[in-house]
Amino acid sequence: MEKPPLLDGEDGSVLAESRSDVALVSADEEGSAGAHGQEDDRPAWDSKLQYVLAQVGFSVGLGNVWRFPYLCHQNGGGAFMLLYVMLLLIIGVPLFFMELAAGQSIRQGSIGVWKHISPRLAGIGYSSCMVCFFVALYYNVIIAWSLFYMGNSFQYPLPWEQCPVDMISNQTVKECAASSPTSYFWFRKALDISDSIDQSGEFNPILTGCLLAAWAIVCLAMIKGIKSSAKVMYFSSVFPYAVLICFLIRGLMLDGAIEGIKYMFYPKLEIWGEVQVWRQAATQVFFALGLGYGSVIAYSSYNPVHNNCHRDAIMVSGINFMTSVLASLVVFVVLGFRAKNIALNCVATMAEMAKTGSAQHWWPWFNMSDPKLVALQDYREWYSHYGSLLGSNITDCDLEREMSKGVEGTGLAFIAFTEAMALFPASPFWSTLFFLMLLNLGLSTMFGTMQGILTPLMDNFRVLGRHKTMLTVCSCILGFFIGLLFTQRSGNYFVTMFDDYSATLPLIIVVVFETVSVAWIYGADRFLDDVEVMLRWRPPVVYCYLWKYVCLLGMVGLLAASLLRMVFKRPTYTAWNHTTGSETSLEYPGWALVMLSTLIIVASLPVPVGYLLSFLRGGQSLPVEEGEVQPPRERYSKYNSSEPEPNNHHSPLDEDRNRKSSFLGELFL
């Protein structure tokens with residue numbers, strides 16, 4: 001059933017039709033369509049399980065494993081979790097529900113959904129596609145890194161357990177000795193990284209091959225659309241949970257696990273007074289659910305109309321949060337074990353120095369043959385009494401200090417976690433399992449990201465819709481060649497740039513416009529009317545107020561905080577100094593600032609450009625170009641003749657609504 005946007009001057013109303021017009025197709029229409037064999041050819045999920053796994057697989061990604069634990073670690077542990085849950089309930093779930101309902105109702109990708117509401121909002125969908133493309137470029141590089149590490153895990157001992165020896169001098173390589181075996185392997189063996197973003201260097205042939213393999217996997221999995229990718233989801237979405245549970249069980253048996261969990265859950269409520277913590281919590285909610293990418297809309301557009309998208313929103317959000325908690329438990333258990341080992345090695349080193357140095361007069365364990373047998377607590381108690389009398393070479397061995405050295409992102413996965421796994425019995429097995437988990441987490445998110453690109457394009461351009469396989473293959477080939485930027489020696493710095501700037505601001509802008517279009521232009525009450533027709537029950541009216549005020553103000557506040565942070569703090573990146581074997585913070589050079597600004601502008605530009613073009617055309621629908629399809633109202637499902645026939649006449653309430661004009665409606669429509 002067509003639902004065209006209302007043009008200016010039609011009774012001054014914001015919409016072209018009322019709640020009754022968005023009801024299911026009538027029995028007569030459906031019967032006629034069936035008689036002529038005109039079935040809806042839009043793909044559909046084979047089962048509800050497939051759909052749930054796809055949404056969970058997309059929303060649960062690498063950020064749940066290496067970003068959320070870091071934020072808990074740095075921002076008050078349990079206090080941050082409480083703040084996160086609150087923002088998830090009042091901002092995350094309502095916006096997630098809004099995207100699910102919009103996609104399921106209009107049965108289009110992100111471009112078609114917002115163009116359907118108003119031609120002047122078509123740019124929202126194009127911005128979502130651009131962001132998805134930028135994210136796909138660097139996200140597949142992380143998958144390539146996981147493939148590289150997984151391939152190197154099939155050997156014993158693991159290649160990052162010990163520092164290599166220089167064949168010429170027969171001494172430990174200086175860069176490794178100055179850092180650690182895991183840091184050296186990551187920065188030198190895996191990335192062969194340069195000292196700054198200005199030093200590009202040659203391409204890394206091994207990582208280039210891994211990137212090609214990563215894109216080949218994505219292409220093969222998506223070549224048949226959701227029919228092929230959904231089958232892969234059965235494994236890629238479920239396997240990470242099995243691995244996390246195995247790691248948790250194994251980790252709880254390690255010395256230091258309890259200390260790690262205590263550190264994680266100990267609440268520091270004073271952090272609630274810091275604006276930075278609120279910004280980080282809101283950003284994590286925003287990205288954890290995948291809002292603004294268009295992938296949520298694309299996946300839900302393949303659902304039957306009566307699917308309970310409200311329950312899906314709550315269920316997927318809950319699974320996402322519980323996954324973050326599970327991943328945090330695993331991370332803190334393993335980091336607790338790592339910190340305990342570092343502290344005990346520190347005690348052993350200090351014991352050797354104390355026995356032979358000036359501290360021997362106060363050393364109480366002279367007769368102990370093995371310094372490693374000195375208990376950490378005993379050493380710290382001894383140091384608290386005699387520390388002021390000792391030389392500067394005798395230091396405290398603080399477990400909490402080691403735990404407080406927070407690592408996130410690639411540092412957590414490829415340095416801290418690999419260091420801890422090297423201490424596990426049967427370390428190659430656990431290493432292989434871990435990087436296979438990262439591979440599957442990355443792939444399931446990658447499938448959703450690519451779907452956010454392909455579905456809108458196929459829905460809105462008939463030529464592309466007729467050549468789905470070719471579009472998928474060409475997109476992957478293009479992604480691989482542009483992705484070569486990330487396989488040069490300075491590639492890691494570009495990954496950081498894309499991760500920090502290509503998605504954050506554009507996505508927030510996209511979601512702000514999405515919220516305005518649904519809550520104010522379309523009308524929150526009308527949208528809830530449509531949802532009531534779909535679900536056959538009306539969701540709580542509190543969603544109207546959340547969409548119109550709480551979510552919108554929250555997203556505008558997040559946008560303002562992000563802009564202010566960029567304006568008042570010059571963008572920096574973390575570089576590796578091979579001479580000192582340590583990381584340093586450097587400012588982006590001028591050309592890099594231009595590049596990251598271009599990423600933000602290119603991703604955000606379709607929103608104002610789409611509005612301006614439509615405004616210059618007098619608010620009329622954009623002309624249909626060759627191969628472009630105007631977004632139709634698809635047939636949702638078979639009409640059941642046992643149910644009362646939908647009323648296709650306007651109710652008095654709807655007619656009264658249609659007589660009311662709106663400033664925002666006239667502005668955008």
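Yeah, the Cβs are placed from backbone N, Cα and C, and that goes for glycine too.
Curation plays no part in TrEMBL annotations; they are all automatic predictions.
What TrEMBL says about this one:
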{"type": "BINDING", "residues": "GLY57, VAL60, ASN64, LEU441", "note": "Na(+) 1 binding site"}
{"type": "TRANSMEM", "residues": "81-102", "note": "transmembrane segment"}
{"type": "TRANSMEM", "residues": "123-148", "note": "transmembrane segment"}
{"type": "TRANSMEM", "residues": "206-226", "note": "transmembrane segment"}
{"type": "TRANSMEM", "residues": "238-261", "note": "transmembrane segment"}
{"type": "TRANSMEM", "residues": "281-302", "note": "transmembrane segment"}
{"type": "TRANSMEM", "residues": "314-335", "note": "transmembrane segment"}
{"type": "BINDING", "residues": "ASN320", "note": "Na(+) 2 binding site"}
{"type": "TRANSMEM", "residues": "429-448", "note": "transmembrane segment"}
{"type": "TRANSMEM", "residues": "469-487", "note": "transmembrane segment"}
{"type": "TRANSMEM", "residues": "507-524", "note": "transmembrane segment"}
{"type": "TRANSMEM", "residues": "545-568", "note": "transmembrane segment"}
{"type": "TRANSMEM", "residues": "588-613", "note": "transmembrane segment"}
{"type": "REGION", "residues": "624-661", "note": "region 'Disordered'"}
{"type": "COMPBIAS", "residues": "646-659", "note": "compositional bias 'Basic and acidic residues'"}
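Features recorded in TrEMBL, as mapped to the structure shown.
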residue : record               : Cβ within 10 Å
GLY57   : Na(+) 1 binding site : 27
VAL60   : Na(+) 1 binding site : 27
ASN64   : Na(+) 1 binding site : 25
ASN320  : Na(+) 2 binding site : 23
LEU441  : Na(+) 1 binding site : 29
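Shown in sequence order, VAL56, PHE58, SER59, GLY61, LEU62, VAL65, SER237, PRO240, THR323, SER444, THR445 are the same-chain residues outside GLY57, VAL60, ASN64, LEU441 whose Cβ sits within 8 Å of the Cβ centre of the Na(+) 1 site. In this chain, the transmembrane segment (429-448) does not touch the transmembrane segment (81-102); fewer than three CB pairs sit within less than 8 A of each other, excluding pairs fewer than 6 residues apart.
Note: the CA-CA distance between GLY57 (Na(+) 1 binding site) and ASN320 (Na(+) 2 binding site) rounds to 9 Å. Through the fold, the transmembrane segment (507-524) approaches residues 14-15, 95, 98-99, 102, 114, 117-118, 121, 124, 127-128, 131, 286-287, 291-293, 543-544, 547-548, 551-552, 555-556, 558-559, 562, 604, 607, 662, 664-665, 668-669 of its own chain, all at least 6 residues removed from its boundaries and within a Cβ separation under 8 Å. In summary, the transmembrane segment (206-226) lies against the transmembrane segment (469-487): three or more C-beta pairs, each 6 or more positions apart in sequence, are under 8 Å.
Long-range contacts of the transmembrane segment (429-448) within the same chain, counting only residues at least 6 positions beyond its ends with a Cβ under 8 Å from a Cβ of the stretch, are 54-55, 57-62, 64-65, 136, 139-140, 142-143, 146-147, 149-150, 153-154, 158, 217-218, 221-222, 229, 232-233, 235-237, 239-240, 243-244, 246-247, 250, 290, 293, 295, 298-299, 413, 417-418, 421-422. The CA atom of VAL60 (Na(+) 1 binding site) is located 6 Å away from the CA atom of ASN320 (Na(+) 2 binding site). In terms of C-beta pairs under 8 Å, the stretch of 123-148, 281-302, 314-335, 469-487, 588-613 lying closest in packing to the transmembrane segment (238-261) is 314-335.
Ranking 123-148, 281-302, 314-335, 588-613 by CB pairs under 8 A with the transmembrane segment (469-487) puts 123-148 at the top. Through the fold, the transmembrane segment (314-335) approaches residues 52, 55-56, 59-60, 64-66, 68-69, 72-73, 81, 84-85, 88, 92-93, 96-97, 241, 244-245, 247-248, 251-252, 254, 257, 260-261, 263-264, 288-289, 403, 412, 416-417, 420-421 of its own chain, all at least 6 residues removed from its boundaries and within a Cβ separation under 8 Å. The two recorded residues, LEU441 (Na(+) 1 binding site) and ASN320 (Na(+) 2 binding site), show a Cα separation of 13 Å. Same-chain neighbours of the transmembrane segment (588-613): 120-124, 126-127, 130-131, 134, 197-198, 497-498, 500-503, 505-506, 509-510, 513, 570-573, 622, 668, counting only residues six or more beyond its ends whose CB sits under 8 Å from a CB of the stretch. Residues of the same chain lying 6 or more positions beyond the ends of the transmembrane segment (281-302) and with a Cβ under 8 Å from any Cβ of it are 42-45, 51, 54-55, 58-59, 63-64, 67-68, 71, 75, 80, 83-84, 87-88, 91-92, 95-96, 99-104, 106-111, 113, 125, 128-129, 131-132, 135, 226, 309, 312, 316-317, 320-321, 324, 445, 448-449, 451-453, 455-456, 459, 503-504, 507-508, 510-511, 514, 554, 557-558, 562. Distance from the CA of ASN64 (Na(+) 1 binding site) to the CA of ASN320 (Na(+) 2 binding site) is 8 Å.
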